[in-house]
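Undergrad: This is the structure I have questions about; it appears just below.
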Amino acid sequence: MKLTCVMIIAVLFLTAWTFATADDSGNGLENLFSKAHHEMKNPKASKLNKRCTQSGELCDVIDPDCCNNFCIIFFCI
């Protein structure tokens, strides 16, 4: 019983901590929902539809979009 109470309190604390330290730039949840709504209207804008760069293709070192996330000297490995 005590362990259950401790676990519940820990989960509540971590949830509150997550919301307290979350990056709330701009409108917070309102901004998130409007972005999701835009992605539903325009499926091509969704990040899930972006193709990853295959091994041996050119990539960006700063923001790699390689399928395995390894970009060395402008090439995915």
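Quick reminder: no glycine exception, Cβ is built from N, Cα and C everywhere.
Heads up, here are the entries from Swiss-Prot:
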type: SIGNAL; residues: 1-22; note: signal peptide
type: DISULFID; residues: Cys52-Cys67; note: disulfide bond
type: DISULFID; residues: Cys59-Cys71; note: disulfide bond
type: DISULFID; residues: Cys66-Cys76; note: disulfide bond
Undergrad: Given a 10 Å Cβ-Cβ cut-off, pick out the one of the disulfide-bonded residues Cys52, Cys59, Cys67, Cys76 that has the most other Cβ atoms nearby.
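TA: When each Cβ's neighbours within 10 Å are tallied, Cys59 leads.
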Undergrad: When DSSP states are folded down to helix, strand and coil, where does Cys66 (disulfide bond) land?
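TA: In the DSSP reduction, Cys66 (disulfide bond) maps to strand.
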Undergrad: I need the nearest neighbour of Cys76 (disulfide bond) among the disulfide-bonded residues Cys52, Cys59, Cys67, using C-alpha distances.
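TA: Its closest listed neighbour, by Cα, is Cys59.
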Undergrad: I'd like the Cβ neighbour count for Cys71 (disulfide bond), meaning other Cβ atoms within 10 Å of its Cβ, all protein chains included.
TA: 20
Undergrad: Restricting the comparison to the disulfide-bonded residues Cys59, Cys66, Cys71, which residue's C-alpha is spatially nearest the C-alpha of Cys52 (disulfide bond)?
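TA: The smallest Cα gap between Cys52 (disulfide bond) and any of the disulfide-bonded residues is with Cys66.
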Undergrad: I'd like the number of other C-beta atoms within 10 A of the C-beta of Cys66 (disulfide bond), please.
TA: 18
